[in-house]
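In TrEMBL this protein carries:
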DOMAIN    B:41-268  domain 'ABC transmembrane type-2'
TRANSMEM  B:43-61  transmembrane segment
TRANSMEM  B:73-93  transmembrane segment
TRANSMEM  B:131-149  transmembrane segment
TRANSMEM  B:155-176  transmembrane segment
TRANSMEM  B:188-207  transmembrane segment
TRANSMEM  B:243-262  transmembrane segment
Amino acid sequence: MSYAIQAEGLKKRFKETQALDGVDLEARTGSVLGLLGPNGAGKTTAVRIFATLIRPDGGRAVVAGHDVAREPGRVRAAVGLTGQYAAVDENLTGTENLLLIGRLLGMPRRVAKGRAAELLDRFQLSEAGGRAVKGFSGGMRRRLDLAASLVGRPQILFLDEPTTGLDPHSRGEVWDMLRGLVAEGVTALLTTQYLEEADKLADEVVVIDKGRVIAEGTPDELKSAVGGQVLQLRPLRPQDLERVHALVTEAAGGETHVESGMIIAPVKDPALMPAVVRRLDRADIPIGELALRRSSLDEVFLALTGHRAEPAQRPEEQPSSPDDAAFERVGSTGGGS
Amino acid sequence: MTATTITAPLTKGGRVRPGAGLRQTGTMAWRSLVSVKHNPLELVDYSITPIMFVFLFTYVFGGQMAGSPEEYLQYALPGIIVQNTLFMTMYTAMSLNSDLTKGVFDRLRSLPIARSAPLFGRIAADLAKQLWAMLLMLALGAVLGFRITGGLEGFVGGGLLLLVFALAVSWSAVLIGMLAGDPEKVQVFAFTLIFPITFTSSAFVRVETMPGWLQAWVDINPVTHLSDAFRGLLVGGEIAGPVLWSLIWAAGIAAVFIPLALRAYRARA
């Protein structure tokens with residue numbers, strides 16, 4: 001089996017913060033690796049190391065067969081990067097932005113133009129290609145940014161929260177495009193705070209928290225290994241909610257919580273469901289909805305990190321959390337040619 | 001997507017070839033220049049502000065300062081052009097800072113291109129804009145009655161001197177652009193720094209009318225030397241001394257700021 005990305009004991013420190021504290025991970029060639037974690041977990045730091053923007057303090061990372069610290073030029077020739085915010089020039093048109101990258105990569109003008117047109121077409125931006133990016137919507141910018149990272153036909157694509165701040169429709173579009181690329185053999189490393197995104201796109205998931213890997217596997221493996229099954233219950237009368245919650249908590253003997261009028265309890269013992277039903281029956285409380293389901297990645301995340309994944313509602317161009325690029329850039333030391 | 005990969009402009013050792021680096025610098029310069037086309041406001045900054053300065057100085061202050069607007073124009077236009085040149089170097093700081101804060105540098109650095117290409121391309125493009133603004137102001141001055149009496153060599157020499165000085169100062173702009181938190185801060189900083197420096201010089205008025213303590217500063221102020229030199233080359237007057245001092249200042253500014261700017265650039269961009 002060949003790996004497009006391999007990291008061993010990756011470490012990086014920014015002043016007071018140990019952003020990465022010995023991270024091991026690998027991405028099989030042609031797969032999507034989801035890198036999951038709360039704000040400040042070190043996701044962006046890892047991506048910036050893989051994309052040769054910063055050097056690790058310790059450990060090593062091999063991308064496309066080249067060590068990121070020793071052969072950054074070779075790595076750059078094989079990767080594409082889409083950052084947390086669309087890194088396109090607002091004053092240029094969509095076409096010019098892609099032309100710029102193509103020309104920088106050494107394409108003759110005619111070839112670069114052809115490639116730009118091809119990518120604009122693929123990302124449904126042909127009509128807007130002649131307009132300045134300033135007038136683009138958020139979704140269009142992201143698509144253009146993704147297109148820009150593809151000009152050089154990279155074998156490996158880094159997507160750092162590619163859909164943060166997008167509406168569900170635009171997010172779906174980005175997902176479809178990513179699936180198309182992977183079908184063509186591109187390897188992708190995707191960081192995200194949307195667990196649904198990792199669930200839908202990633203072949204394998206690595207969960208990091210405080211700079212360490214705390215879990216890894218396929219989304220299914222994670223869900224069954226960590227989360228197991230979940231009992232979900234809605235009383236018929238909303239005013240029963242508290243009573244039922246207390247009752248289920250007693251029966252489950254552990255952490256339960258309420259989510260939009262629904263009681264959620266992890267199922268550790270298969271006898272929980274009949275036990276709950278018996279107790280409710282005895283207490284004469286009518287049940288509106290009762291279901292056993294596998295836990296979502298959200299619940300896996302909660303179980304692993306002790307807190308929920310942040311909903312990531314922050315607007316696109318206002319990075320403020322410690323994991324954001326702006327913060328890390330201040331502390332970054334130059335790596336490369 | 002097909003399996004064909006483009007040949008990255010790298011040597012066997014994975015470094016960027018010098019020729020490729022030069023071409024990439026050209027591409028980056030193209031990017032800075034072509035953006036003017038879509039951002040008419042930038043053109044307003046580059047052209048309207050200097051034009052407004054020429055009109056204001058000539059017709060508002062001119063009569064009182066030199067007896068007639070035309071006479072004052074002959075004295076002050078070189079100074080106005082010098083001031084505008086210094087202000088314009090700060091566009092380098094603002095645009096670099098904007099690239100930095102908007103993540104454009106991340107994209108550029110993930111490409112197999114010369115590390116210096118974005119910086120040198122920007123500086124080269126901004127020098128071209130400087131040349132454009134200078135020619136525009138001279139052309140407008142000519143319409144209002146400004147006459148270049150220094151001949152072609154004075155014109156070419158003056159232009160070159162100004163560009164050399166602008167190049168030196170733009171390294172301080174690179175440093176500011178790399179250190180500032182956002183483009184607006186760059187603007188505030190530039191204004192508070194450049195405005196007093198350019199006004200406490202011989203750019204707009206003769207030094208003799210100023211109080212003694214101020215003259216002491218004005219006499220060493222690089223803007224004084226540069227204004228005198230530029231004026232001397234265009235319309236006559238002392239040339240050798242001011243030109244020499246201007247070049248010494250330019251060399252000094254470059255010597256201090258190039259290392260600092262490059263260090264900041266390597267660390268942040």
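The backbone N, Cα and C atoms fix where each Cβ goes, and this holds for glycine too.
Automatic prediction, not curation, is the source of TrEMBL annotations.
Touching of the transmembrane segment (B:155-176) and the transmembrane segment (B:43-61) is ruled out by the presence of fewer than three CB pairs under 8 A, sequence neighbours closer than 6 excluded. Only pairs six or more apart in sequence are counted, and the transmembrane segment (B:131-149) with the transmembrane segment (B:243-262) gives fewer than three Cβ pairs under 8 Å, not enough to call it a contact. Taking Cβ pairs closer than 8 Å, the transmembrane segment (B:43-61) reaches residues 36, 69, 72-73, 76-77, 80-81, 83-84, 87-88, 91, 129, 132-133, 136-137, 140-141, 144, 204 in its own chain, all 6 or more past its ends. Residues of the same chain lying 6 or more positions beyond the ends of the transmembrane segment (B:243-262) and with a Cβ under 8 Å from any Cβ of it are 161, 164-165, 167-169, 171-172, 174-175, 178, 222, 225-226, 229, 232-233.
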